[in-house]
Amino acid sequence: MSLAEGTKPRHVPDRLTGRSQRVLRSWELLLFAVAVGIFVANSLASPYFLNPWNLSDATFNFTERAMIGFAMALLIISGEIDLSVAGIIALASTAMGWALQFDVGTAGLIAIALAVGLACGAFNGALVTRFGLPSIVVTIGTMSLFRGISYIILGDQAFNGYPEGIAFLGRGYAFWVVSVQLVLFAVFAVVFGVLLHKTNFGRQIYTIGNNPTAARFSGVRVERVKFILFLLTGVMAAVAAICLTGRLGSTRPSIAYAWELEVVTMVVLGGVSILGGAGSILGVVIAALVMGLVTFGLGLLNVPGIVMSIFIGALLIGVIAIPRLIALVRLRRRA
Amino acid sequence: MKLFTKLAAGLTLAGALMGGTAAIAQDNVRIALVAKSLGNGFFEAAARGAEEAAEELGNAEIIYTGPTSTTAEGQIEVINSLIAQQVDAIAISANDPDAVVPALQRAMQRGITVISWDSGVAPEGREMHLAPSSNELIGQTIIKLAADHMPEGGQVAVLSATSTSTNQNAWIEEMNAVMDQYPDIEVVATVYGDDLADKSYREAQGLMQSYPDLDAIIAPTSVGIVAAAQAVQDAGKVGEVNVTGLGLPSEMAGAIESGASESFAIWNPVDLGYATAMLAYNLATDEATAEPGAEIGMGRMGTATLDDDNTAAMSEPFTYDASNIDEYKDIF
C-alpha cells in the first residue's frame, strides 16, 4: 500500500484547480457512466423498465434514504458519522403515531416529527461535542436507544390512521409522474448543494474534515459546526420519517430497520471520503440514482434480494477501487 | 443541474418508446409468490408447492420472490417491481399487516389480484387471506393424534405455552369441545411451560410424577413439545408416554427417531404454497370472486370457504411421523 499512500487518489475537495479538477470530474463522470450503463442495461433486459410510471415507482426506492444521505454527507465530510438515523426515523414516526390521538392535524404531526428529530440530533451532538466522545460509539448507542423507546411504546402494536396530508407527502404526486418525494429530493439536493459548496459554512465543514486543529486555529468554531450538522442530520431523518410513514400508512417499531448502513453506503458510493474532508452533493445524488436503478432493474428481473446486496457491495468496492487502481497504474508508468 | 435535464430527456424518450413496449403478449397467468424473506426453508417448500400447482394448471407461471430480510420496506420494493411487471396475481406472506397495504392497494387498482397467505394482510389490502389452518381444526387434530395411539383409552395431559397465550388457549378450548367423541380418554391436567425450554421440561417431569399412568402429553407449542419429548426420554418412559402436539419437523426428528413421539402435526408448507397458487389462479382468471361465503377451488386440497372477513382455512394440520419425517426435517 506504499504507493497508494503516496498518491492520495481519493482526495476530492469540492473546489479545485488544474489536474486535480480532472480527478473530480472523472470521479463523478465515472459514477454517472455507471448510472447510464445500468439504465441502458435495464432497458434492454426488461420490457417494463422504460415506462414513466414504473420509473417513477422506482424513485421511491431511494428518495427517503437520499434525503438523509445529503445531511450525512456533510457530517461525514466533517469527520463525524451518525449511525442512529434509522433509530431517529423509528422514534419520530412513533411520536407522530402517538400524537394522532390528540387530533393535531398534518401540520402538527410534521412539527412533532421534526421536533423529535431535532431533539435526537441535539442529544447526539451534545454527547459528541460536549463530552468529546467518538460519534461512531455514541450513535451506535443511540441507534438502539431511540428504536428501543419505540419498542417500549409500541411493542407488537402499530399506529394507523394517518391523515391524508401525511399520505400525500409519502405517496402523492406533485404533477404527472413526479412524486412529492421526488420534488423534496430535488429541493433538498439543491439546498444542501448550495450549503456545502457555496457558503462559508460549507467551507468550514471541509476545513474541519481535513484538519480540525488547523480549523480551530483559523477561528472556525469546530464544536458549533459539528453540533449544527448533527441537528441537520436529525431533522433530515425526521423528514424521511414523515415521508416513509406516509408511504407505509402505519408505524411499527421495526420501521426503516438497518437503513443507517444503506444511507452510509449511498454517501460513500457518492465519493464522500469516509475519512472526512472530501466529497460532493452531486456525487450523492448520482449514487442515489445508481442504487435506485440497480435495485429496481434487478427487481424487474426477479433477481433475489441477496444477489442485489452482492451487486451493490461489488459496485461500492469497484467504484472506490477503480480510481485508486488508475492512479496506481499511472504512477507505475511514470516510474 | 445538467443531470436532471438528461434525466428528463430520458423520460421523454421513455414515453416515446412506451407504445412499442406496452403490448407484450402474455400467454401464461403469472402468479407472484412473495415470501417474508428468501433463504427460509418454509417458503422454499411453499414455492415448490406453488410450482406443482402451476404444472397441474398448465398455463400458469410462478414468480417466487421476496426481500433479503424480513422487512415491510423490502416487501414494498418487491411489490413495486411486480406491479411494474404487470403480473396477474400477487400472493404475499406479509412482514407487516398494515405497512404493505398502500402498495397492495395500488396493485389492485392496476388490476392485479392480491391475496395473502400464511401471515395475513389487513382486509383492505387484499381480496382474501388463506390461513394454514383454523383453531377448530387444530384443536381436533391434537387430540386425534393422541387418541390414535391409545386404542384402549387412558390419561392425557396438556403442556401449553403461557396461560395467557391466545392461540394455545383457543386450541385447547376447541380440543375440549370435541372430548365427548373420546369417552375413554381423560384430560387429567393442563400445565404451562411458558414457552421456555427448561420450565417446559420441569413441567413435563412433574406430570409424569403426578400421574404414573399417564399415556400421552399433548403440547400445542413447538417449544413445549421438544422439551416434553426430552423429559420422556430422560425418564426412560419411551413407549409408555407418547408426546404429541404441534412442532417443527427439524426440531422433532430426534424425538420421532427415539420413539418419544409417535407423531405430531404442523401445517405443510408444500400444501400451503400449492393451495395459494390455485386460489390466486382462480381469482386472477375470474373463475371465482372473493366475497364472504364464496367457495373457491384449491385443486387437490379441496375447496376454501371464505368467512365474513374473506379469510379461509386450508386444512387440518399435516401429520408427521417416522414415515415422512426425513423428507421434511431439512425443510423447516
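Just so it is clear, glycine is given a Cβ too, placed from its N, Cα and C backbone atoms.
Taken from TrEMBL, the feature transmembrane segment applies to A:29-50, A:70-92, A:104-127, A:133-154, A:174-196, A:227-249, A:261-294, A:306-329.
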CB contact flag for the transmembrane segment (A:70-92) and the transmembrane segment (A:133-154), at least three pairs under 8 A: yes
Considering the transmembrane segment (A:104-127), which listed stretch of A:29-50, A:133-154, A:227-249, A:306-329 counts the most C-beta pairs under 8 Å: A:227-249
The transmembrane segment (A:261-294) touching the transmembrane segment (A:227-249) per 3+ Cβ pairs under 8 Å rule: no
Beyond the flanks of the transmembrane segment (A:29-50) by at least 6 residues, Cβ under 8 Å: 269-271, 283, 286-287, 289-290, 293-294, 296-297, 300-301, 315, 319, 322-323
